[in-house]
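Asker: Mind having a look at this structure? Questions to follow.
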Amino acid sequence: MSAARESHPHGVKRSASPDDDLGSSNWEAADLGNEERKQKFLRLMGAGKKEHTGRLVIGDHKSTSHFRTGEEDKKINEELESQYQQSMDSKLSGRYRRHCGLGFSEVEDHDGEGDVAGDDDDDDDDSPDPESPDDSESDSESEKEESAEELQAAEHPDEVEDPKNKKDAKSNYKMMFVKSSGS
């Protein structure tokens, strides 16, 4: 083995042989036949550009070569900015983020905006931490059931509270949300 090391010393570069220039790495010099086959080979190798053979070149058609005027540009930009601003306002307000479930519609305030979580001024609890959305939904359902019972009692003050009537009122109230609004 020491004889092999002496004939090829470590760290000495070999000179390039003249047959490396025509080796397998030089595919440009390969004889591929006619020009069409050469172009196909280059295209398949990713080196050649395919010529456009379609009838319609993008941007050359008369209907697509319409340029906008300055007024149209301004109008389009204003519309886009207003749409962007509206979407950012609704996203930041968080009004549409809450999942309310099927058949639920928020009660409209006197100024036309829906009730947003955290804006209730008539709450009497002084809890410092805000409720999670799941807690507020379950609380709102129990509040709805209680308000339905109160409405039932207000409509029929002379009736004695019967557990059966109470159960019927709850089921009727729940059925209002189950039934489709489009009858």
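Glycine is treated like the rest: Cβ placed from N, Cα and C.
Swiss-Prot lists these features:
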type: COMPBIAS; residues: 48-78; note: compositional bias 'Basic and acidic residues'
type: COMPBIAS; residues: 106-149; note: compositional bias 'Acidic residues'
type: COMPBIAS; residues: 153-171; note: compositional bias 'Basic and acidic residues'
type: CROSSLNK; residues: Lys13; note: SUMO2 cross-link
type: CROSSLNK; residues: Lys62; note: SUMO2 cross-link
type: CROSSLNK; residues: Lys75; note: SUMO2 cross-link
type: MOD_RES; residues: Ser15; note: phosphoserine
type: MOD_RES; residues: Ser17; note: phosphoserine
type: MOD_RES; residues: Ser63; note: phosphoserine
type: MOD_RES; residues: Ser87; note: phosphoserine
type: MOD_RES; residues: Ser127; note: phosphoserine
type: MOD_RES; residues: Ser147; note: phosphoserine
type: MOD_RES; residues: Lys174; note: N6-acetyllysine
type: MOD_RES; residues: Lys179; note: N6-acetyllysine
type: REGION; residues: 1-183; note: region 'Disordered'
Asker: Using Cα coordinates, what distance in whole Å links Ser87 (phosphoserine) and Lys75 (SUMO2 cross-link)?
Answerer: 18
Asker: For Lys75 (SUMO2 cross-link), what is the secondary structure by DSSP, using just helix, strand and coil?
Answerer: helix
Asker: Excluding near sequence neighbours, so keeping only residues 6 or more apart in the same chain, what lies with its CB under 8 A of Lys75 (SUMO2 cross-link)?
Answerer: none
Asker: Do you know offhand how many angstrom separate Lys174 (N6-acetyllysine) and Lys13 (SUMO2 cross-link) by C-alpha?
Answerer: 88
Asker: CB neighbours of Ser87 (phosphoserine) within 10 A?
Answerer: 10
Asker: Since the record lists Lys13, Lys174 as recorded positions, which of them has the fewest other Cβ atoms within 10 Å of its Cβ?
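Answerer: So among Lys13, Lys174, the recorded positions given, the one with the fewest Cβ atoms within 10 Å is Lys13.
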